[in-house]
Amino acid sequence: MTAGFAPTTLTLRRDAQVRSVEVAAPERLRHAGTSVRVDAIVKRYAGAGPAALEGVSLAIEPGELLALLGPSGSGKTTLLRVIAGLEIPDGGRVFFGSQDTTDLPVQRRGVGFVFQHYALFRHLTVFENIAYGLRSRPRAHRPKEDEIRRRVERLLELVQLPDLAKRYPGQLSGGQRQRVALARALAVEPSVLLLDEPFGALDAQVRKDLRRWLREIHRETGQTTIFVTHDQDEALELADRIAILNKGRIEQVGAAHEVQDHPASRFVMSFVGETARLAAEVSDGQVRVAGRPVIAAEPGWPQGAVDLCLRPWDLTVGQGPGTLPGTVREWRRTGRGTVAEILLDGAEAPVEVKVTEVYEPGDRVALAVGAARVFARG
Amino acid sequence: MSETVPSIPPPSRGPHAALTEPRPVRIALILLAVAFLALFLLLPLAVVFVEALSKGVGAYLDTFAEPDAQAAIRLTLLVAVIAVPLNVAFGLCASWAIAKFDFRGRNLLITLIDLPFSVSPVVAGLIYVLLFGAQGLFGPFLHRHGIEIIFAVPGIVLATVFVTFPFVARELIPLMQDQGTTDEEAALTLGASPWRVFRTVTLPNVRWALLYGVLLCNARAMGEFGAVSVVSGRIRGLTTTMPLHVEILYNEYNYVAAFGIASLLALLALVTLAGKSFLEWRHADALAGRGAH
């Protein structure tokens, strides 16, 4: 695979053999897919306030599609920019494969970065935007004009915009700009592809299409890809694994089903889906709310004062022991049936529960609990 | 002083009923504005040309054949040719630093750039006399080495640079701040060297604003009177720029020649105005093309 860094081949096929071999080109790293590891990254911004990243460690497999998920201010974009080399960390190291890239300038890291608002060069055509990276190479490594043309055309086909080469960014729709931005990033054959809120500025339908399309591109190119999002659906649908960040720390890393079914913290639980939270107590193998047992405690659950976290879809209207009392706030029809907004006694916010009967606001109901999670209070 | 042109929204066509004054009020307001403009702007401009041509076209053209007049025109052009590029370089550096970096003293720098607007040009001229004049701080040193600054061309250039240096920077800073640094970051991730980033991304992004600033800077450089008047010494044919030459001729009751040279300066103003309008039109166009970037 020594031909891997000859600037004439654009590796589009996913190939485990190819990716496992790391070839260092003379002036920069280039892999079809490389592993990325960040180790105890600390980043503070000038001025007061807590650190943006407080010792974040994370390993990304070659060819993996990883989502950095978190609310705004959680440090996810900062982490992405540290990996890219756009921010210099105050502590910790960044590795691409086995090479320490912490001190490598951004130009020589071989990353493809797609910015939230695309950052296309507005005075250049789509063609020239995509060719920019190739034309930026030192003369000795710069492809010839017809080679550049061939590669840009191929990328335009990959992003399904073959007819727009002569347009200017201002003449494109948001979704088209997004595709051009991706093609531009892919043109330099990056070892790692980084996307900052790639669909953040697009409307719902375009988002959906582009998500599916990005998955396909990833399958085709096999590039190690990290994307930042605050949308849990996007992360769950798209990513092989999800790293959930909160206040500059990683709360959990895992596949979609892991973070959904086995959230490591109350924060993860409430961030990856709608959650009702009640103060409860675990004793004698029972989770008790206001002294009454609700559900059996599983082994390994904390004892004493806990937060009982419930998913709305685990709640059904029922009767008898173990049900939780609540008050109907609102009842309405939706496309998928009828739902009631119910405020459980002792809860801070109401939850939407699927119901079969008609309710009036103010009706008292009891909800049976199918499944629950508890987290120690604090 | 025009602020950033882009931020002015295009006037909406068709009056909104709620915002429309009664017809007589509208007409009165428009007439007032037109009358004011005519009295204070158009009339003087017309007088310049009428006076210049009062003894016929021949006398008017003779004005420019005079060696002192030609020297004044040459000197004015020379000063502009030196001062404008200096200010472009300075303006680019300053606005780049202010817009793209966050550093201590940034606000102080912004304030300092505006200083020439708030300092009287005469004071600006005096500063240079006090620094470089015969009795000035560096005067004896300069005299010993045979370097002449005050009452010579270098002094005129220095004074002009001082007076005009906000023009380019003031045009670029708001635009660059508005554009942020993501375009440059994108270019860096694509492997471009800093120089290439500047040449192919930063400069094209501000080219119209830069040209606009150059235009204003040039107009002021050629028309500056106060500061230049203090440092020039008014040696005819040697250290008189066009505005100074106009004053000298006027004081000699040579009205045709005075207004003749003045008409050239007025023409320059008109050309600048035309160029400015053209750029504003182009600028707006380019901005519309920018869309939601």
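Backbone N, Cα and C define each Cβ position, glycine as well.
Curation does not apply to TrEMBL; its annotations are automatic.
If you look at the transmembrane segment (B:27-50), the same-chain residues 6 or more away from its ends with a CB under 8 A from one of its CBs are 21, 259, 262-263, 266. For B:27-50 (among others), the entry in TrEMBL reads transmembrane segment.
The annotation transmembrane segment is assigned in TrEMBL to B:71-99 (among others). Same-chain residues lying 6 or more positions outside the transmembrane segment (B:71-99) and placing a CB less than 8 Å from one of its CB atoms are 64, 106, 109-110, 113, 153, 156-157, 160-161, 164-165, 167-169, 171-173, 176-177, 179, 202, 210, 213-214, 217-218, 221-222, 228, 236-242, 244-245, 261, 264.
Marked as domain 'ABC transmembrane type-1' by TrEMBL: B:73-274.
Tertiary proximity for the transmembrane segment (B:119-142) is limited to same-chain residues at least six positions away from its ends with a CB under 8 Å from its CB atoms, namely 148-150, 155, 158-159, 162-163, 224-231. According to TrEMBL, the transmembrane segment annotation covers B:119-142 (among others).
Same-chain neighbours of the transmembrane segment (B:149-169): 75, 78-80, 82-84, 86-88, 90-92, 94-95, 98, 113-117, 121, 124-125, 127-129, 132-134, 136, 142, 210, 213-214, 216-217, 220-221, 224, 226-228, 230-233, 235, 239, 241, counting only residues six or more beyond its ends whose CB sits under 8 Å from a CB of the stretch. Sequence annotations record features per position, and here TrEMBL assigns transmembrane segment to B:149-169 (among others).
If you look up TrEMBL, you'll see B:253-274 (among others) marked as transmembrane segment. Sequence-distant contacts of the transmembrane segment (B:253-274) (same chain, six or more residues past either end, CB-CB distance under 8 Å): 45, 47-49, 51-52, 54-55, 59-60, 63-64, 66, 69, 72-73, 215-216, 218-219, 222-223, 242-243, 245-247.
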